[in-house]
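Peer 1: Pasting the relevant annotations from TrEMBL:
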{"type": "BINDING", "residues": "ARG8, GLU68", "note": "substrate binding site"}
{"type": "BINDING", "residues": "ARG8, TYR15, GLU27, GLU75, GLU84, LEU85, HIS86, LYS93, ASP94", "note": "ATP binding site"}
{"type": "BINDING", "residues": "GLU27, GLU75", "note": "divalent metal cation binding site"}
{"type": "TRANSMEM", "residues": "30-48", "note": "transmembrane segment"}
{"type": "TRANSMEM", "residues": "54-74", "note": "transmembrane segment"}
{"type": "ACT_SITE", "residues": "GLU68", "note": "active site, proton acceptor"}
{"type": "TRANSMEM", "residues": "95-116", "note": "transmembrane segment"}
Amino acid sequence: MTHMKLSRFFRSFQYAAQGIYAAIQKEQNIRFHLLAAVVVVLSGWLTGLSKTEWLIVILLIGGMLAFELVNTAMERVVDLASPELHPLAKQAKDMAAGAVLVFAVASAIIGLLIFIPKWF
Ligand SMILES: Nc1ncnc2c1ncn2[C@@H]1O[C@H](COP(=O)(O)OP(=O)(O)OP(=O)(O)O)[C@@H](O)[C@H]1O
């Protein structure tokens, strides 16, 4: 990789980090998901998970945080494109929120399926 390409790669990385930082600062939902992630990782550590179970848990935590970031980005774009109330703006925001909810429910079910047999 040439010097130019490498610095562009690191700049993109920096922009992504800025996006994550802004989301954490401004969105309570993201902070809640981060807290939930810490609780799940600590529980997994105390409970003792297999390698495969950790892979699933990490995938679900990463997917959840990524989904929440995409949802936040969608909200920003909708607010920018449609500051006034519009039925399509509502649909876009509500569908993105629905996507987060679907993944959260699936993650919670999978999490319970992994943890509950180990606790009882
Ligand atoms: N521009 C818009 N046009 C129509 N409906 C909207 C618009 N913006 C938000 N809504 C709807 O209003 C409800 C609340 O939206 P949301 O949770 O995004 O809060 P908000 O009004 O944008 O405030 P905040 O920025 O504090 O989250 C949702 O059903 C959402 O779809």
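From the backbone N, Cα and C atoms, a Cβ is placed for every residue, glycine too.
Note that TrEMBL annotation is computational and uncurated.
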Peer 1: Using a Cβ cut-off of under 8 Å, list the residues of the same chain at least 6 residues beyond the transmembrane segment (54-74) that approach it.
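Peer 2: Apart from its flanks, the transmembrane segment (54-74) reaches 19-20, 23, 26-27, 29-30, 33-34, 36-37, 40-41, 44, 92-93, 96-97, 99-100, 103-104, 107, 110-111, 114.
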Peer 1: Should anything in the same chain at least six residues away from the transmembrane segment (95-116) have a Cβ under 8 Å from its Cβ atoms, list it; otherwise answer none.
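Peer 2: Same-chain contacts beyond the flanks: 40, 43-44, 47, 49, 53, 56-57, 60, 63-64, 67-68, 70-71, 74-75.
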Peer 1: Please report the Cα separation of GLU75 (divalent metal cation binding site) and HIS86 (ATP binding site) in Å, rounded to an integer.
Peer 2: 13
Peer 1: So for GLU68 (substrate binding site), how many other CB atoms are inside 10 Å of its CB?
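Peer 2: If we count other Cβ atoms within 10 Å of GLU68 (substrate binding site), we arrive at 21.
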Peer 1: Grab the same-chain neighbours of the transmembrane segment (30-48) for me: Cβ-Cβ under 8 Å, and only residues 6 or more beyond its ends, written as numbers and ranges.
Peer 2: 23-24, 54, 57, 61, 64-65, 68-69, 72, 111, 115, 118-119
Peer 1: Do any of the binding-site residues ARG8, GLU27, GLU68 touch ligand 1, in the sense that the CB is under 6 Å from one of its atoms?
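Peer 2: None, as no Cβ falls under 6 Å.
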Peer 1: If you count the C-beta atoms lying within 10 Å of each candidate's C-beta, which of the binding-site residues GLU75, GLU84, ASP94 ends up with the smallest number?
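Peer 2: If we count Cβ atoms within 10 Å for the binding-site residues GLU75, GLU84, ASP94, the smallest count is at GLU84.
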Peer 1: Determine, to the nearest whole angstrom, how far the Cα atom of GLU68 (substrate binding site) is from the Cα atom of ASP94 (ATP binding site).
Peer 2: 13
